[in-house]
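For reference, the structure is listed below as structure tokens.
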Amino acid sequence: MLSTIGDLGEFGLIERVTARFPGTDDVILGPGDDAAVIKAPDQRVVATTDMLVEGRHFRRDWSTPRDIGHKAVAQNVADIEAMGARPTALLIALGVPTDLPVAWADEFAAGVADECGASGGAVVGGDTVRSEVLTVSVTALGDLGGRAAVRRDGARPGDVLAVAGRLGLSAAGLALLERGLDDPAACVREHRRPRPPYSEGERAARLGATAMLDISDGLVQDLGHICAASGVAVDLESAALVPPPELRAAAELLAADPVGLMLAGGEDHALAATFPADTELPEEWTRIGTVTPERTGAAGAAVTVDGRPSEAAGWRHFG
Ligand SMILES: Nc1ncnc2c1ncn2[C@@H]1O[C@H](COP(=O)(O)OP(=O)(O)O)[C@@H](O)[C@H]1O
Ligand SMILES: Cc1ncc(C[n+]2csc(CCOP(=O)(O)OP(=O)(O)O)c2C)c(N)n1
Ligand SMILES: [Mg+2]
Ligand SMILES: [Mg+2]
Ligand SMILES: [Mg+2]
């Protein structure tokens, strides 16, 4: 019985994990050679990478290996979507402790495969090394379908700001886990397996989005990137930030402000985009604010809520 990765070995692990990943029409050559071959018919390939490090991004006692497989794909595809692209291929690099149970790798791979099924995109390669700290690094590629990418620098005063996806639930879920709670389950579930609004990024691009990003570090902090790149400010309307009942319930348990969690919570992997004011938004997109001219000077907060500077702080890896 091969019970740990140490017993199975590097190539055994690679074979076992890659056997779980189906190909798609975008892939000419998948895992197994020195590099994979992906179709790029319109010659505009979007590329992104995000890591998950044990202790920093996940804990094995808080998330199952399946959860971590789901999340590793979701957080990367969210960045592909945020450019207005369709995910085509993923490369998965693993840093694995030698005593990791083989069952962990099996379950992780199953989570990756399931989430790829939901998001689109096929695993075409990766890397596997021994490491003291369990680490998952995903690189994702996407196809822009001949369109220009939706960048962070195209927002203009007068545009509307809208979001697709969920805000605050993941941060509430993390805070619950930190207190040893796993209810309200919807929040903890969202933390373990964020659900980016797949295909809404491409849809936003077709609708003429002027700027877009995925919310990984908190709404206010991430909107600051659009403001800085576009030379604009953003005013959020608190009336449009309506916490769902599960978030209100969690906030009450945590003695936290539910709207504060929506403004500052990380790992939402929702999409925020700006659109010309006359854009008819589909129901998946909720208007939450307006783009205004850049404010300069000491009072020049880039992101305000009802005209007042927001104190919401987001995630920072280095304090
Ligand atoms: N070590 C690095 N080398 C090169 N580019 C990096 C590195 N780390 C981050 N970047 C780039 O900096 C930008 C911001 O990174 P990040 O905040 O992680 O983006 P996101 O929140 O979209 O995942 C991205 O374009 C990313 O590719
Ligand atoms: C054990 C644990 N502690 C804290 C967090 C919270 N957390 C870790 S990273 C992060 C922000 C998003 O991750 P990052 O690596 O910054 O992704 P990116 O912005 O590059 O997409 C948050 C909120 C967590 N997920 N797990
Ligand atoms: Mg990143
Ligand atoms: Mg990211
Ligand atoms: Mg970040």
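In case you wondered, yes, glycine gets a Cβ from its N, Cα and C as well.
From a predicted model like this one, the values you see are computed outputs, not experimental measurements.
As annotated by TrEMBL, domain 'PurM-like N-terminal' applies to 32-142.
Counting only residues at least six positions away in the same chain, no Cβ atom sits under 8 Å from the Cβ of Asp34 (Mg(2+) 4 binding site). In the three-state DSSP classification, Asp34 (Mg(2+) 4 binding site) falls within coil. The annotation Mg(2+) 4 binding site is assigned in TrEMBL to Asp34, Thr48, Asp79.
The secondary structure of Asp79 (Mg(2+) 4 binding site), as reduced to three states from DSSP, is helical. Cβ neighbour count for Asp79 (Mg(2+) 4 binding site): 24 (other Cβ atoms within 10 Å of its Cβ, all protein chains included). Look at TrEMBL and you will find Asp34, Asp79, Asp214 tagged as Mg(2+) 3 binding site.
Positions annotated as Mg(2+) 1 binding site by TrEMBL: Thr49, Asp50, Asp127. Applying an 8 A CB threshold to same-chain residues 6+ apart, the list for Thr49 (Mg(2+) 1 binding site) reads Asn76, Ser137, Val138, Thr139, Ala140. Annotation note: Thr49 (Mg(2+) 1 binding site) sits in a strand segment as assigned by DSSP.
For Asp50, Asp79, the entry in TrEMBL reads Mg(2+) 2 binding site.
The substrate binding site annotation in TrEMBL covers His57, Glu267, Trp315. DSSP gives Glu267 (substrate binding site) a coil state; it is part of no helix or strand. Other C-beta atoms found within 10 angstroms of the C-beta of Glu267 (substrate binding site) number 23, with every protein chain shown included.
Under the heading ATP binding site, TrEMBL lists Gly126, Asp127, Arg152, Ser216. Every protein chain considered, the tally of other Cβ atoms within 10 Å of the Cβ of Arg152 (ATP binding site) stands at 19. DSSP assigns Arg152 (ATP binding site) to coil in the three-state reduction, placing it in neither a helix nor a strand.
The feature domain 'PurM-like C-terminal' is assigned by TrEMBL to 156-296.
Counting only residues at least six positions away in the same chain, the Cβ atoms of Gly266, Gly314, Trp315, Arg316 sit under 8 Å from the Cβ of Asp217 (Mg(2+) 5 binding site). Residues or ranges marked as Mg(2+) 5 binding site in TrEMBL: Asp217.
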Mg(2+) 1 site shell beyond Thr49, Asp50, Asp127, criterion: Cβ within 8 Å of Cβ centroid: Met51, Asn76, Leu91, Ile92, Ala93, Ser137, Val138, Thr139
Close in space, distant in sequence - Asp127 (Mg(2+) 1 binding site), Cβ under 8 Å, 6 or more apart: Leu91, Ala93, Leu94
Gly126 (ATP binding site) and Asp79 (Mg(2+) 4 binding site), Cα-Cα, nearest whole angstrom: 18
Nearest of the binding-site residues (Thr48, Asp50, Arg152, Asp214, Ser216) to Glu267 (substrate binding site) - Cα to Cα: Ser216
For Asp217 (Mg(2+) 5 binding site), the three-state class that DSSP assigns: coil
Neighbourhood of ligand 5 - binding-site residues from Asp34, Thr48, Asp79, Ser216, Asp217 with Cβ under 6 Å: Ser216, Asp217
Span of Gly126, Asp127, Arg152, Ser216 around ATP - largest C-alpha separation, Å: 31
